[in-house]
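Pulled from Swiss-Prot, these are the features on record:
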ACT_SITE  Cys578  active site, for beta-ketoacyl synthase activity
ACT_SITE  His714  active site, for beta-ketoacyl synthase activity
ACT_SITE  His758  active site, for beta-ketoacyl synthase activity
ACT_SITE  His1368  active site, proton acceptor
ACT_SITE  Asp1557  active site, proton donor
DOMAIN    38-265  domain 'Starter acyltransferase (SAT)'
DOMAIN    405-840  domain 'Ketosynthase family 3 (KS3)'
DOMAIN    943-1262  domain 'Malonyl-CoA:ACP transacylase (MAT)'
DOMAIN    1741-1818  domain 'Carrier'
MOD_RES   Ser1778  O-(pantetheine 4'-phosphoryl)serine
REGION    1336-1476  region 'N-terminal hotdog fold'
REGION    1404-1642  region 'Dehydratase (DH) domain'
REGION    1498-1646  region 'C-terminal hotdog fold'
Amino acid sequence: MRPTTPSTTESPDNFSNMKLLYFSNEFPHDDLAGLSRQLTLLSKQKQFPHLARFLDHATEAVRDEVRQLPWSLRNTIPSFDSVFNFIEHASLRKGELGASIDGVLLVVVQLGTLIKYYEENPKKYDLNTGNAALSGLGLGLLSTAAVSLSSSVSDLAVAGVEVVRLAFRLGVVVGSVSSNLESRDPTSPPVSWAAVVPDVTVDEARDELDAFYAREKMPSTSKIFISAWSHNSVTISGPPSRLKHLFRTSEFFRGQKIINLPVYGGLCHAAHLYNQEHVREVVSETDSLKELSSRASPKLTTFATSTGKRFEAETARELFEQIVAEIMTKEIRWGTVVDSVLAQAHTTSCSDIQVLVFRKSLPVYDLLTAFSSKQPGLEVSTLELIPTIPASLDNGTPVSGGSSKSSIAIVGMSCRMPGGATDTESFWNLLEKGMDVHRTIPADRFDIDTHHDPKGKAMNSSHTAYGCFIDEPGLFDAPFFNMSPREAQQTDPMQRLALVTAYEALERAGYVANRTPATSLERIGTFYGQASDDYREVNTAQEISTYFIPGGCRAFGPGRINYFFKFAGPSFSIDTACSSSLATIQTACTSLWNKDTDMAVAGGMNVLTNSDAFAGLSHGHFLTKTPNACKTWDSEADGYCRADGIGSIVMKRLEDAIADNDNIIGVIRGAATNHSAEAVSITHPHAGAQSFLSSKVLSAAGIDPFDVSYVEMHGTGTQAGDKEEMKSVTDVFAPAGPKRRSMRQPLHVGAVKANVGHGEAVAGVTALIKVLLMFQKSMIPPHVGIKNSLNPALPSDLAERNVRIPYTRQAWPREKDRKRIAAVNNFSAAGGNTMIAIEEPPLPRNIAPEDEDPRTTHAVTVSAKSKVSLEGNLKRLIAFLENNPDVRMSDLAYTTAARKYHHNHRIAVAAADVPQLKKKLSAQLNSIDSVKSISNLQPLIAFAFTGQGASYKSMDLQLFHHEPTFRSQILHLNSLALAQGFPSFLPAVDGSFPKDHAHSAVVTQMALVAIEISLAAYWASLGVVPNVVVGHSLGEYAALYVAGVLSASDAIYLVGQRARLLEERVQAGSHKMMAVRASLADIQKIAAGMPYEVACINGPRDTVLSGLSKDLDTLIEPLQKAGFKCYSLDVAYAFHSSQTDPILEEFGELAETGAIFHAPKLPVLSPLLGKVIFDEKTLNATYMKRATRECVNYLAAVETGAKLSLVDDNTLWVEIGPHPVCINMSKSSLRSVGAAVPSMRRDESNWATMAQSLSTLHCAGATIRWNEFHKPFEKGLRLLDLPTYAWNNKNYWIQYNGDWALTKGNTYYDAQKKALETAKALPAPRLSDLKTSSVQRIIEESFDGSAGTVVMQSDLMEADFLAAAHGHKMNGCGVVTSSIHADISYTLGSYLLKKMSPSSGDIAMNVADLEVVKGLVAQKNTKVPQMIQVSISTENINTGTAQLRWQNVNAQGIPDEPFATATLEYGDRSAWLSSWVPQTHLIQGRIEALETLAAQGIANRLSHNMAYLLFANNLVDYATKYRGMQSVVINGLEAFADVTLTTEKGGVWTVPPYFIDSVAHLAGFVMNVSDAIDTKANYCVTPGWSSMRFAKPLVAGAKYRSYVKMIPTVEDRSVYLGDVYVLQDNEIIGIVGGIKFRQYPRILLNRFFSAPDEASPSPNPTHGATAKAQAQPKTIAASHGDEKHFATSVQISTPSKIGHQLIVKPVAIQAPPPAGPVVVALKDPEVQGSPVVVASAAAAVDTNSVASKAISMIANEAALEQADLQDEASFAELGIDSLMSLVISEKLREELGVVVSGSLFLEYPTIGDLRSWLMEYYG
């Protein structure tokens, strides 16, 4: 049907008025975000249903278009739930898809606004009945098409969605074509492709452009052109760099005003770039377009902007094609549109015209001006639509109910059920067999003999001894889930199994993260039901440790699933008692319906270990006392049997599941939850509420109750519950009224609890999985709950109502005329009711012949995280093939590669059929031990681009015929070639000629480069992107394109022009090229004096010569006689020889003006220069000219790349070309390569080559986007339900011991309290009268000649000692300062000397080499002793030295490992003073210099109060008597202080600690206050010093001056050293030498300096302690925020067996056993990675080294085997999380003195990394 609008030649009835709708190419509002918000809010109101539908469907259309994009583009688009989300993504709108995104936004805003206007004013939509016309600019023309095709607002909402699709596709095509002209730099701001030049006529602009073309030779595709013009301005478009060059070099344009337009997406209105193929690419034949074309045709005149004429279109498709062609290929001449509008107004004799616009703009003003000047009598009005949208909306406006709900597809499921059901198949087996799997409560839960009393009299006991239990619920593959054994053991097994079943369900669903929009990580949520915390309450509560909270609290179950899979959607743990899992699934459905998520993982979990719940439910009369699962509907039903269970399902909206090619196993049509508010009690069921719920769900889903053929009932086996539920079901699904079920529509009912008991929180998902299995098996399993007779309380007319209880298996086949629908009930003891209506899955779609996968060879992959699992996965796949010999290879390859996660142990094989595949997989099974784990680091990838002559003259490329990315790129490049005046090169690639047919040089060479550019694009789409490129001869053009140096257009231009010049200037065949298998030196020696030229040096023994044919022929004989093979290359010209001389100058000129050379984005290995090119100057026209003539030294290029580490032994080499040549050169030139693969081979199918190459790269560690590989063929592929992952399980289980759950008594602390009392009652004996505040009691002294030992003990809680500690507070805790340790040293040193040498007189003492490995922090409880022990000993007092050791003493009086050591040296005061004299003037000079700097305002002078205020704020809060510094001058890390010692007395001391601190803590002040240190993020503490010497006593009230300069050490920049000088009256009287400070993150302050009794019980005693002490469990405190966590050490050396389960009991860690034979992963120089057996650990590694001890400690803390700690193992994979890392870091610091930061395991992510660091710095 043609438009009814009149033309100038054919005039219908005149209309008195006319309407013109104008759609601009500019956004109609400056605040686009605000406008979109208003449209969104309006769409939620009842009066705008069409607007709501349009916005919703437009979003779905864009989502569908995104799904079709190649990954490189798809990955740039974030997840979205509305197209308006894009507005906020500025970078997206200016990126590669900017044109698509802005085009969509423009169309949606325009049409959305128009729909809103006409919904508000429905009578005004009379466009197709009156004199109306449409006009638009650019993309605005697309919006006119939607209006032209629509008879109503409802039609407009539909047609508008198709226009949104076109706008998106148009941007994609424009971006693709434009990027071939000039690629954009994603790291730089976007640049404009168009500029307006005002006040210039079109003729002036054309003349100047013609002159520019005459000066500059360039490809026609790159030319600047006029895209739009009017009477007073011109828009000039072109590649940005060309535009910039024009405006910079043209004298004419330099004098004009240039306004760059925000056109960032590419070029339109370019007839030289686009053709009808591009138009068809945009207006592709889709189902939605077919439907629209079948029911809509153009109804209104739409003016073309190039001619002003109307579009003559009969169908929607024709109209779209004409408009898209207008946008892509035609100039905008707005004046012609203005003239046509005036003509129509005149022809129709209208008296008034209304112009509808979104807002006024220049084109509108031009139109209005024309009306007023040329038709002054015409009454013209304008209506701006944007102002009709209110700025704000009334919150009270009624809101619509929203769009209709989608059905929800279940696409994956997994379970662990009682009775040994470890998967859904074994679960079905027990259902099908009618098994009742109840059993006596197993011993791994609790002792049934003590916790069960059938009479119910024993306190806290269970009345029942039965339950239904999962076998070995502790089985878990901890390393797979990156959990340490310690974390796994302390994590609730139901949460672990939820994680496992979630993985399996996702695996069966074919889930791969971000594969499609519906699998975007940001749009996936996790929903699980859980109603108990047994394991946390009982098992882990026996010894609370690090993972007590994250391993046991319910929220962490779904949270851990989200964390492991990196889902960023919501995670919910829901407790509605018995209905938890189905209520959770309903919540997940709601989330999907509301589009809060696009995919949901949901389910429930229950593992029973707490006897309290059994006791409570027994006393509440819930549980049966008899041995059965549940006697559902039995006359003697007396309650339910508790059960374990874990179930997980994966859900999507149905349309998304279909689009994602998922296996749909069931379809949820409706779901809802209500509450039995009218029940007689909260736990009593209510039939009315249940019936109401069922009716509500069926009504909302549009389901006739009689269409439901099965109801899976809650069926707990209670008298009240069974009666009420059966009544509610029969009332709704099988009523007794006049309308009854026919005999053809029986209603079967069942209850899974009769088989596996009542799983409580997991009951709902258990029932749902049963129904899903019934759909799969087309079978209803027997109901086994009736043990005696049918419950007489049930309706007596069940048979008459056609309600059937299946006592035996019943067939439930698909029917042709109706779908199988089931209902699943799940009720809560707390009163909640949930019901789900579920329909059978749709039948798999038939695969049309044209959709069959054309590939003949396929890559099948198998992977795992361990070799054990890899072997298991491989065996499972082989078994699957044995059982399914007819499986299609394409489906198998698709499922294993594109629809599975890939792990670090990989196998991949290429095969053409199943027998071949089985043979290859079996071979792999026999060599499983040789499979190496790939590194987490991606290997380097090098692209090598082939030169000419490697393939047939004519090719027939399967990639061109079948692969869209490759084909599209070839076609685009061919279009460029045609546009540049060259012949098409398609005949050289499409098989239209025999393979030996010789094409022209132009065709052949362009075809080669085009193939290589397209191959690179294809590899990139598969995720294989180079880190470095090298091109051989002609291949260098493609290499430079990939490196970003040349655009595709310029590469084609240069290659075509070079080939044209060869054809025109050079005689083909006069010269030849000859390959010689010899080195250049060999050839030079043999062919000395003979004429030849060296064309290529391809390898150490691979050279190509060029020259006259006759000259090279004479070389053959001597070379062959010398044993060197020679063969001529099949090329028409001798490249890189004198034959090319005639073309060089002209080619250089063409390259100079015709191509733009950019700086490479990748390193380029240059065969011309033998160098690596990084800069922007080397690659230019001169380079291209030289590369044509000079030698190709491929060998030098590759060797240079290796020297610069751009390629290494693990680099993956990919040959980009029609046949492998370069990769062989690379292998011969390098020591080793990781892998080398071709893209194509002669005489081999492209798909066979690609399958093998992808398999090789995959196994070598490359990340292949397998989905992109299979995506073009997905219509012909099916997802297979393959075997799930073969877990490498171990049993992680903490056994509940004893009967404390019965007694509720806790005797844990009794022994400790008794020991404390004993310690108080029996103090250590005093052996001496010596008593000071710090040395309170000598408990041991022994002297033997010149050897002697003195041991003292002191209680830190003694008043003076405690006051001294509290005088030095850190983190609010009293900390024993090092000056107290110094006083103890001086006291004991003096005592020892007097005892052993009474006549020694006044001897000075040096406290040397003090090292404090752990701070001594005062406990909070002052009523309990806190004992320390310090010993001083000397082997020979005559040496003048003695050794000191500090130890904590536990409550049993046993000393722990030393926490500090020092050496006491006796010396001569006078000698010290004399030795210090030379340094005095130096120190004085530095002090004076600081004074000068302070006077100049450079250094800071701080008062007494300010100094200690800063000190207290940053780290240490000193008591008054410690505050000796009166003023401080500080500059960077240098300072001096004036000190006055306090006269305040307090305690008995040898050298008061507040004296020592006052003169020495200037160093600590500098390290914690100086602006040279990041004191905000870090703090510094001293672990000791080299020496502390005072030649004169420190005197109360005396004045001193201290000076220090701290310097960072070279070895460790976090460690600082300095000397503190103490001066009195300008004389050095003391030095604290080599004082050391170490920097720590401030976040660890709480961890290091907390009172010990705030964290954990006493530390574990040493190995020499008593047996009683060894029995104490060891706990390590790890602070995380304000919480305290405890890590319990667990030994697995003395397990007890219960059944088949390994029960691990918490015990103390014993001394490690002697080292036995071990296997150490030492690399054999010949066989990489081969293990070497050594006799013992000591022979392989130094077990006493810090590194070895640290690795052992990590194994111990994480409960890992030493064998697990191989160098390549990453801490993340071993499960060392943030909590565990804090525990280990503290242990390393405490026990080994290794000071580490909290980021240790991030900085050194693998065992090998950490071991190397420890060996380097600690040994």
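Including glycine, each Cβ sits where the backbone N, Cα and C put it.
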Top partner of the domain 'Carrier' (1741-1818) among 38-265, 405-840, 943-1262 - counted as Cβ pairs under 8 Å: 405-840
For the domain 'Ketosynthase family 3 (KS3)' (405-840), the mean pLDDT of the predicted model: 94
Around the Cβ of His714 (active site, for beta-ketoacyl synthase activity), the count of other Cβ atoms that are within 10 Å: 31
DSSP three-state assignment for the residue listed as 'active site, proton acceptor': strand
Site of maximum Cβ density within 10 Å, from active-site residues His758, Asp1557: His758
Composition by DSSP (helix, strand, coil) of residues within the region 'C-terminal hotdog fold' (1498-1646): 35 helix, 67 strand, 47 coil
Number of helical, extended and coil residues in the domain 'Carrier' (1741-1818), per DSSP: 50 helix, 2 strand, 26 coil
Collapsed DSSP category at His758 (active site, for beta-ketoacyl synthase activity): strand
In three-state DSSP terms, the structure that Cys578 (active site, for beta-ketoacyl synthase activity) belongs to: strand
The region 'N-terminal hotdog fold' (1336-1476) - residue tally per DSSP class, helix then strand then coil: 38 helix, 63 strand, 40 coil
